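Peer 1: Sending over a structure as structure tokens; questions will come in a sec.
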């Protein structure tokens, strides 16, 4: 008798957090696709122990769980390039969720190659930006992989439905129908969405904040700190050399204590709608403030102004999920050139939600007191300004003469 050939089960790698959405996706994938589910949890500095997820993932039906410590790679390869670029989305958002997704997707693709998986799955909803960020990264890194996005397929239409689905299958979830906030946390930030925040008229409750306090509840005494940068990268705090993750964690603690980095905004999502989010980014706000101050001291006018223009495009690329792209790499090359002399020390004052400059110095400073002084000086001939003004204003003068001659004025 011929032995019947056993066809191996196809595999899918799931971006797994242990939260509501990804918890119910495991049984759903098995029930609807018949795939073996391999879960991957990324440690990006969520501030929680991920080891307990092993038991939960297996009980939910996964064959195995990868727990990947990506914190240092996250800071050095994703956060620091964005910081050096000065990228801020719509003037407020420091992109904490945006640049985390391409890194997670990158590791999913690597595990899929190792396991021989044919598909990647994620728990992003069909209304959000994360679905785009995950899938663009996968397409850029391995276009042969199938992508499964359950929220765009299944009959579950709300978080309440998802909770019911989980309860039916005995899967514990950390969300209740009474407080259905969606939170995303990593070493850079903590975001809050959903629930009563969906009405932009509602002020965030004080107990919402987890990384810090409301500014009015911050200490009544200011705190000063000094940050040292080398070529645009922060390397030490108050004279002490710290690793990338430790530095950011320390700044989060100090900044959070003083209510630094709380942003409440209505933003334009890539998928066409507006959404309201409350973000806590204490350490990131401190780093952006310090880095910008040092750039203003060390970059010439033309470079600084042009860099501010490309910062807008860089922020759009990161927000839109186009991290793995030739344009982003090209912009990085430009930014790296601008950062060669962004080295020095910045002193900041933290007080009740405010992070203000209290001093800046650099061996590459372009500020010259001799030229800038309003007192007596011997290096600047003020008479030279007349010729400059005449030439710079010539187009305006010619136009005014033409309008006068033609009777337009």
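Here the Cβ of each residue, glycine as well, is placed from N, Cα and C on the backbone.
Note that this is a predicted model, so its numbers are computed, not measured.
Pulled these features from Swiss-Prot for this protein:
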type	residues	note
BINDING	15, 16, 17, 18, 19, 20, 21, 22, 23, 42, 123	ATP binding site
BINDING	93, 98, 129, 133, 182, 191, 267, 279	L-citrulline binding site
BINDING	125, 129, 130	L-aspartate binding site
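Tell me about the setting of these features in this model.
Peer 2: The Cβ of residue 17 (ATP binding site) lies under 8 Å from the Cβ of 41, 123, each of which sits 6+ residues away along the same chain. DSSP assigns residue 17 (ATP binding site) to coil in the three-state reduction, placing it in neither a helix nor a strand.
For residue 191 (L-citrulline binding site), the count of additional Cβ atoms within 10 Å of its Cβ stands at 19 [all protein chains shown].
DSSP assigns residue 129 (L-citrulline binding site) to coil in the three-state reduction, placing it in neither a helix nor a strand.
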Peer 1: So of 19, 123, which of the binding-site residues has the fewest other Cβ atoms within 10 Å around its own Cβ?
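Peer 2: Counting other Cβ atoms within 10 Å of each of the binding-site residues 19, 123, the minimum falls on 19.
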Peer 1: Taking only the Cα atoms, work out how far residue 98 (L-citrulline binding site) lies from residue 125 (L-aspartate binding site), in Å, as a whole number.
Peer 2: 15
Peer 1: Measuring Cα to Cα, how many Å separate residue 23 (ATP binding site) from residue 125 (L-aspartate binding site)?
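Peer 2: With distance taken Cα to Cα, residue 125 (L-aspartate binding site) is 14 Å from residue 23 (ATP binding site).
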Peer 1: Roughly how many Å lie between the Cα atoms of residue 133 (L-citrulline binding site) and residue 125 (L-aspartate binding site), rounded to a whole value?
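Peer 2: If we compare the Cα positions of residue 133 (L-citrulline binding site) and residue 125 (L-aspartate binding site), the gap is 12 Å.
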